[in-house]
Amino acid sequence: MTDQLTQTPLYGERAIAEAELICFDNPRPGRPYEVSIELPEFTCKCPFSSYPDFAVLRLIYQPGPRVVELKAIKLYVNSYRDQSISHEEVTNRILDDLVAATDPVWMQLEADFNPRGNVHTVVRVSHGTRQPC
């Protein structure tokens, strides 16, 4: 049996590389409700310096026909770890991919980046119109 620690790529890297935004049918499509997900360990790389950027992602959405599976979203956001991408672009791209996968009634993503060089950045993007719950 091959030791998973000596395989290249490692099992975690393979899981991230093969990740898809898996969704399942909304169990309560007739009821307005919100789902809130926080991902406190998001990382990507600065496109100018290549230094790592760290952020807390906060996703709030009102499901349409599909709900995103939690492990799938974790692996999906981990795929940005080695990508050189701006705060603004990564936040918009993640929202676009989640909207395409779930077709929500409303969705908002906030990326709260750790301060770097005495500058704190928060990027907030949304899609659709929020309904009362």
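Positions of Cβ are set from backbone N, Cα and C atoms, glycine also.
Taking Cβ-Cβ distances under 8 Å and a sequence separation of 6 or more, the neighbours of C46 (active site, thioimide intermediate) in its chain are P52, D53, S84. If you look up Swiss-Prot, you'll see C46 marked as active site, thioimide intermediate, on the strength of sequence analysis.
Annotation source Swiss-Prot lists active site, proton donor at D53, citing sequence analysis.
Neighbour list (H87 (substrate binding site), Cβ cut-off 8 Å, at least 6 residues apart, same chain): D53, A55, A111, F113, T121, V123. The substrate binding site annotation in Swiss-Prot covers V68, E69, L70, H87, E88, and the record cites sequence analysis as its basis.
Of the recorded positions D53, E69, E88, D53 has the largest number of other Cβ atoms within 10 Å of its own Cβ. Counted over every protein chain shown, other Cβ atoms within 10 Å are most numerous around V68 among the binding-site residues V68, L70.
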